[in-house]
């Protein structure tokens, strides 16, 4: 969370130790630090780099500038620089705990906004809006809040673009805390195309305070996109940190794809492919931060890579709040024609049946439905889908189904559709459905290659197939058959098999994915054991 306590005092102190030089303003340029009385340019090192946007934003804060907008490393001749120790907060510019001498050939260049910033939000792209109304005085920056009555959607679009974020997704008074005087005394009249908020026309106003709950709180979407696909929800994943670049996600699996699909306001993740390209600059986002749901932009680092990521998300349906990619509360996108504003709504249980569920599960690349129940994964109020679906079960997508008009615009409590689809896992070529080569489906069925060193992972697959948990394993060479890789250190559970799958990056013509799994499960279904216990047919041997 970004906050600026006693900022004038702090910035006056920090300005003795940190500066940006060579840029268009005091808030842009090469980062320089003063350590032990000596100014040097700053570096994050040449080999391992964990200096991310959240670190850049902390320096923008120390400089009493606005939010961090861009970050890049510039190559220089090898020289003695100050190495920034990442994560050292509060930053002690005179301590070796935070700064040390280092020979490196890259320096850090930052661009902070010098006119607007977002405070107290959960990300760099959200918070309470403040404006710098004293830019002409370099030694004394003066920041003020904005009253909701003076700010509209077009103004918000300009601010989000100025900060390098995506389009605005929420605009509300006191969304990220309230504040008293002073407030900006003019009403903004942006047309939406301006580069900065202060480029917009404004009218004078006599207002110098805001009513309680009226200080502008703004949420901008993350600056990520999918390009080159059939829709806005399919294609190569790109992120913008000053400039658009592909995301290098050689270690991404479907559960990381699901986070990106959610931040793109698309539906559920359907497929992920790793594509080989020429070696070029890309943005790398560490999977630990992706899975944790952190804003993707804040954990980006610049690297050179030949691997990029292609994602396919559903653009019409999604499952939320479930324990896996194939379960959750159902939502339908009823505004697909408006690419800039997607509108998702829940579905009422009375308007949805088993055949409708079969279509949704198939559309999301999952197996057949195993549970359909109101509020199974949380309830929700209005709006709800206003039509009753009348699927026959063979349709490709839910919105291909016939539907009848309904006057329903809300659901009774506990009636929002919760759906559990089985995961697309099977054993083929064996004597029964509990033996054979392990295959999973992400768009297409493929054998599974795994580097598992214990029986824990194969046993989880047997359990999911309701074939018991005892297992014997044999590995078979897959020759040139396309496979899915089950990522190492990605532990499967009963509900999350698909999330660990990824397609291998083909690095050469002679690349072979290795062995695939052949499993023989005990064949004693878990449900039989449970039923047996319920009938009292099992007793403990003494």
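Keep in mind that glycine also has a Cβ here, set from the backbone N, Cα and C atoms.
Curation plays no part in TrEMBL annotations; they are all automatic predictions.
Copied over from TrEMBL:
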- 190-200: disulfide bond (DISULFID)
- 391-401: disulfide bond (DISULFID)
- 490-500: disulfide bond (DISULFID)
- 18-113: domain 'SRCR' (DOMAIN)
- 116-221: domain 'SRCR' (DOMAIN)
- 224-283: domain 'SRCR' (DOMAIN)
- 317-422: domain 'SRCR' (DOMAIN)
- 425-522: domain 'SRCR' (DOMAIN)
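Around residue 391 (disulfide bond), taking its Cβ as the centre, 21 other Cβ atoms fall within 10 Å, counting all chains. Cα spacing between residue 190 (disulfide bond) and residue 401 (disulfide bond): 43 Å, rounded to the nearest whole number. Note on the domain 'SRCR' (18-113): DSSP counts are 10 helix, 50 strand, 36 coil.
Distance noted between the C-alpha atoms of residue 200 (disulfide bond) and residue 401 (disulfide bond) is 47 Å. Residue 500 (disulfide bond) has a Cβ environment of 23 other Cβ atoms inside 10 Å.
Residue 401 (disulfide bond) is 32 Å away from residue 500 (disulfide bond) when you measure Cα to Cα.
DSSP assignment over the domain 'SRCR' (224-283) gives 10 helix, 31 strand, 19 coil.
Take the CB of residue 190 (disulfide bond) and look out to 10 A: across all protein chains shown you find 21 other CB atoms. Along the domain 'SRCR' (224-283), the predicted structure has mean pLDDT 90.
Sorting each residue of the domain 'SRCR' (116-221) by its DSSP state yields 16 helix, 39 strand, 51 coil.
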